[in-house]
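S.K.: TrEMBL feature annotations, pasted as is:
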DOMAIN    1-433  domain 'Amino acid transporter transmembrane'
TRANSMEM  6-26  transmembrane segment
TRANSMEM  33-54  transmembrane segment
TRANSMEM  91-112  transmembrane segment
TRANSMEM  159-179  transmembrane segment
TRANSMEM  205-226  transmembrane segment
TRANSMEM  247-266  transmembrane segment
TRANSMEM  286-307  transmembrane segment
TRANSMEM  350-370  transmembrane segment
TRANSMEM  376-396  transmembrane segment
TRANSMEM  408-433  transmembrane segment
Amino acid sequence: RTGTVWTAVAHIVTGVIGSGVLSLAWSIAQIGWIAGPLAILLFASVTLLSSFLLSDTYRSPDPESGPHRSSSYLDAVNMHKGVGNGRLCSVFVNICLYGFGIAYIITASISIRSIQESACHHSKGNEETCYVKDTYNMLVFGAIQVVLSQIPNFRNIEWLSIVAAIMSFGYAFIGLGLATDKVNENGHFKGNIRGVPTSTGMEKVWLVAQALGDIAFSYPFSVILIEIQDTLKSPPAENVTMRRASTISVIITTTFYLCCGCAGYAAFGNDTPGNLLTGFASYKLYWLVDFANACIVIHLVGAYQVYSQPLYANVENWLRFRFPDSGFVNYAYDLKLPLLPNFQLSPLRLCFRTFYVATTTVIAMLFPYFNQILGVLAGIIYYPLTIYFPVEMYISQCNIEPWTSKWIWLRTFSIVGFVVGAFTLIGSIQGIISAKLS
């Protein structure tokens, strides 16, 4: 365990600045100029509070010097809340990790398609029809992930996280710059306080729910926080380092989110696209848009692994525990390829991880609805993993007595989070049904 505050920041930024940043301009457009930025700040505050609670549950019984460490989110729940709660939590954790893989495949395919269509437009002329299907792009991205998924564990992908984090800064800055330039070109800020007008009040409610879901999706790192904390060296105490890393990361990401979201809405107003960069498809600096989309693809290659590695570890460790005498499960073969170091190839790792990537790719191909998928994932996982379990574990860790002021405050926080999560889930499911039927 040799990680520092900056390697933790790299992991967090890689996991956080991804698909979510591209949908924030659309989210603000649905809610309006005042409520949109406030919603981003609210979710940022909730996520930061959750990270503080979670970081204190890494060690037990003392958060700084306790002898018992948790290597994953599930380990922490098992240690503080028992096996029953651990099983319930594992359902949400695995849905979360699996769902992010699907979302990243959809997002990467959109960016690849944008590059292809841009090249077609500028080689054959704008009047030429340049329609590209996402299916092939999803298959290519999935094939890359099959190869990268053979990386043994989370600690072996620090280099991938650093490269991906650099890419995330690249396309976030480009998106911000393009939106700002378009505002200057327009000569005024578009948009209004109430957001995009709708024909009925209920339609507005559903769009607001989806927008809140997309914002919630933009702060997803709670599920991998414990895994990141388990890479940190000590001293100083891991929870102290993790609090610093979380604070730095949330400030960085929220600043990007506000800038990109607000600039995108100011540039496009009521016509703000679901994915910000798709609005610049015919922009004069098309090569810069293509470069930004390439940065997104490279970033999501790394982000897919950041979120998949914990799930790989969960399943493979369970299989090793269940079948300790199986050669297929426990044996690894030494493999030497030209120009590469020795590599241990595990039959279990090869088969399971290939199957996993294949299933996420197929589901992404069946439901390629960017904003709605993000909202559904957030509705399912944001409340239990970012609010409920961190609150419950913290109460158990600190032995907080019922009906004390701290207990009441934490319970109120949890109930409000549940209501918001249910609202976003219902609205996003309605959005998927409408998109599928249309």
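Don't overthink the numbers, they just go from 1 along the chain as shown.
Using N, Cα and C of the backbone, Cβ positions are placed for all residues, glycine too.
How buried are these features, and what lies next to them?
M.R.: Outside the transmembrane segment (91-112) by six or more residues, the chain places 18-19, 22, 73-74, 134, 137-138, 140-142, 145, 217, 220, 223, 275, 277-278, 293-294, 296-297, 300-301, 303-304, 307-308, 310-311, 314, 356-357, 360-361, 363-364, 367-370, 373-374, 377, 380-381, 384-385 with a CB less than 8 A from a CB of the stretch.
Under 8 Å from some Cβ of the transmembrane segment (205-226) lie the Cβ atoms of residues 11-12, 15-16, 19-21, 23-24, 26-31, 36, 39-40, 43-44, 46-47, 50-51, 54-55, 57-58, 70-73, 75-76, 93, 96-97, 100, 103, 195-196, 198, 242, 246, 249-250, 253, 257, 306-307, 310, 371-372, 374-379, 381-382, 385-386, 390, 420-421, 423-428, 430-431, all in the same chain and six or more residues away from its ends.
For the transmembrane segment (286-307), the list of distant contacts is 11, 14-15, 17-19, 22, 96-97, 100-101, 104-105, 107-108, 111-112, 114-115, 118-119, 121-122, 141, 144-145, 148-149, 151, 154, 157, 160-161, 163-165, 167-168, 170-171, 174-175, 178, 223-224, 277, 280: same-chain residues at least six beyond its ends, Cβ to Cβ under 8 Å.
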S.K.: With pairs closer than 6 in sequence left out, are the transmembrane segment (33-54) and the transmembrane segment (247-266) joined by 3 or more CB pairs under 8 Å?
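M.R.: They do touch: at least three Cβ pairs between the two stretches lie under 8 Å.
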S.K.: Which residues of the chain, 6 or more past the ends of the transmembrane segment (408-433), have a CB below 8 A from one of its CBs?
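M.R.: For the transmembrane segment (408-433), the nonlocal Cβ contacts are 46, 49, 205-210, 212-213, 216, 367, 369, 371-376, 378-380, 382-384, 386-388, 391, 394-395, 400.
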S.K.: Six or more residues beyond either end and a Cβ under 8 Å away: which residues meet both conditions relative to the transmembrane segment (33-54)?
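M.R.: Distant Cβ neighbours of the transmembrane segment (33-54) are 24, 27, 73, 76, 191-193, 195, 211-212, 215-216, 218-219, 221-222, 225-226, 242-243, 246-247, 250, 253-254, 257-258, 261-262, 265, 386-387, 390-391, 393-394, 413, 417.
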